[in-house]
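Undergrad: Copied straight from TrEMBL:
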- 1-46: region 'Disordered' (REGION)
- 97-508: domain 'Amino acid transporter transmembrane' (DOMAIN)
- 117-141: transmembrane segment (TRANSMEM)
- 176-199: transmembrane segment (TRANSMEM)
- 246-266: transmembrane segment (TRANSMEM)
- 286-305: transmembrane segment (TRANSMEM)
- 336-357: transmembrane segment (TRANSMEM)
- 377-401: transmembrane segment (TRANSMEM)
- 422-443: transmembrane segment (TRANSMEM)
- 449-471: transmembrane segment (TRANSMEM)
- 483-508: transmembrane segment (TRANSMEM)
């Protein structure tokens, strides 16, 4: 009988489950791998070998035909999902024991974080009406594209698209898919890591100043040195081997994000508002400057909804069969996560703008809280808030860096045809951590970075999934579904170009310098 490659099989009732050859991966976990030629020749087992002539010989002809037809149907329709042998060596697909809880932790950790803190900055330029409207539209738009990505993970029977770039290649073609998806996804991961270093290092500095107070030494650490401290902590935590292994960190990141988001807006609205507060959108000297600032503000709103570049990767950590597909627990976890994301983003944006109006500093609501209420709130409460932000940044750094680690190791394993050793894996992660640190030191600005990131990476969240749905699912031409997805996709591309221009203008206008508030 013809030998078949290693596959994932849905066990047919009353059929014993055969063991799968395993090897030990660099992380110490066992993953399925193709059996050697000697093993194949000795065992002769394949996923459908139980439907063999030897097995069928004592069975009557009608039953034999049914089983043979079933075997042909399974093989023809691709329900025997083919595995890429290299996936057993890579951080994202090395472990496939995820569940709905892990999906909720990862999505919440990836979907809410420091970007929520700068949403009131966008409201300062947009005002009440346009701010709330743009935030609401963006939320439901990205929720729809999230559902699309979850459904497309196994859109083709027998094939799992474990990474965003793989799905883009299936939709747009091998070369075009790489050109369209690789840059924004890598830029989103690396840009987010850089911004997390800026936020985490600066928040650690503020935390130290609050806790230490007047007892601080005359030679405290500089801001760059605090960046280095934060980067070192990130590198230590990044030694966890794969995406499933950081589920605990994602839980910590999710809890801390919900906690400090609530604490920040509650502390802000509970204090007396500044006397000179105004809710009119900020006016700039020229109309062109006003337009660019509004575009940058919309880019900040778009960047608030991040994490779509990780949806397929998170779903890839789950086991999947025809009877129990991975999209079911994934969507359950995502719905829970995005409910809490809405409970974080909307109160921070609305409460922060209500508390500070257009006096909101460019660093966001956390800087405003420290600047306006440094002496009004207990030092311990402020210190706990800043410490929670640090914990969240450390957790978010790990999940956003995992696709980059996966790319490094994929390149290595494809060249050497062997898994990365512990030292090679550690070297990649140390290298990436310090590269992000040097980028952060060279480009120390936050609000402008958020707008540009939102513009350049907007197609990943708002545009590409709509195009992929049309190209892969092929809805009826000129139907509502067809028009709806094409319109949303092209609107996303247009917004991406406009927001990117606004982000670049804001960077140039700010003089490539981020001004943080310092304690008195």
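Placement of Cβ uses the backbone N, Cα and C atoms for every residue, glycine included.
Those TrEMBL annotations? Automatic predictions, nothing curated.
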Undergrad: May I ask whether the transmembrane segment (422-443) has at least three C-beta pairs under 8 Å with the transmembrane segment (117-141), counting pairs 6 or more apart in sequence?
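TA: Between the transmembrane segment (117-141) and the transmembrane segment (422-443), contact is absent.
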Undergrad: Which listed stretch (246-266, 286-305, 336-357, 377-401, 483-508) has the most C-beta pairs under 8 A with the transmembrane segment (176-199)?
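TA: Ranking 246-266, 286-305, 336-357, 377-401, 483-508 by Cβ pairs under 8 Å to the transmembrane segment (176-199) puts 377-401 first.
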Undergrad: Using Cβ atoms and a strict cutoff of less than 8 Å, what residues sit near the transmembrane segment (246-266) while being 6 or more residues removed from its termini?
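TA: Same-chain contacts beyond the ends: 98, 101-102, 104-106, 108-110, 112-113, 116-117, 237, 240, 337, 340, 343-345, 347-348, 351-352, 355, 365-366, 369, 381, 384-385, 388-389, 391-392, 394-396, 398-399, 402.
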